[in-house]
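Chemist: This structure is in structure tokens; I'll ask about it shortly.
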Amino acid sequence: MILEFKSEKKMINFSKSFFYPLPIGKIFVLSGDMGSGKTSFLKGLALNLGISYFTSPTYNIVNVYDFINFKFYHIDLYRVSSLEEFELVGGLEILMDLDSIIAIEWPQIALSIVPKDRLFSLTFKIVGSGRVVELNG
């Protein structure tokens, strides 16, 4: 499925409703250039979960949001240079958590160990002043 958004607000509103019911157990991998909308798209999912303050974990690498029955992991691998480094921040344990929703920005390093049966891929592109998102999964 390919979607086009003319504004960040429209992208957030779409992603807020698209992920209902909540996709517990899914691993979302978000690829695309800097500023192409990956974090903005995830803001909608975060709003659906009731998370009002949502930022990219570029420097912490992993943000964890705890809920009663599950966790939401937001992972940003932009600054991670190897699979070993991903493992050092608990990456393998996170990927094995079936009672969670996991979103990984800049996922290239970890793709070889992401369980394919749980994978949902999103590819973002800047087109003019808007954004195009290709969804697979």
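Note that Cβ sites are derived from N, Cα and C of the backbone, with glycine treated the same way.
Marked as ATP binding site by Swiss-Prot on the basis of similarity to another entry: E8, G35, S36, G37, K38, T39, S40. If you look up Swiss-Prot, you'll see T39, E105 marked as Mg(2+) binding site, on the strength of similarity to another entry.
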Chemist: Among the binding-site residues E8, E105, whose Cβ has the fewest other Cβ atoms within 10 Å?
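Modeler: Candidates: the binding-site residues E8, E105. Fewest Cβ atoms within 10 Å: E8.
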Chemist: When DSSP states are folded down to helix, strand and coil, where does G35 (ATP binding site) land?
Modeler: coil
Chemist: For the binding-site residues listed here (G35, G37), which one has the lowest count of neighbouring CB atoms within 10 Å of its own CB?
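Modeler: Fewest other Cβ atoms within 10 Å, among the binding-site residues G35, G37, is found for G35.
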Chemist: Name them in sequence order: residues not among E8, G35, S36, G37, K38, T39, S40 whose Cβ is within 8 Å of the mean position of the Cβ atoms defining the ATP site.
Modeler: M11, G32, F41, F124, R131
Chemist: List nothing but the largest Cα to Cα distance in Å, as a whole number, among the residues E8, G35, S36, G37, K38, T39, S40 that the record says bind ATP.
Modeler: 11
Chemist: What is the number of other Cβ atoms found within 10 Å of the Cβ of S40 (ATP binding site)?
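Modeler: Within a 10 Å radius of the Cβ of S40 (ATP binding site) lie 20 other Cβ atoms.
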Chemist: Within 10 Å of the Cβ of K38 (ATP binding site), how many other Cβ atoms can you find? Include all protein chains, please.
Modeler: 26
Chemist: Quick check for the class: what is the C-alpha distance, in angstrom and rounded, between S36 (ATP binding site) and E105 (Mg(2+) binding site)?
Modeler: 11
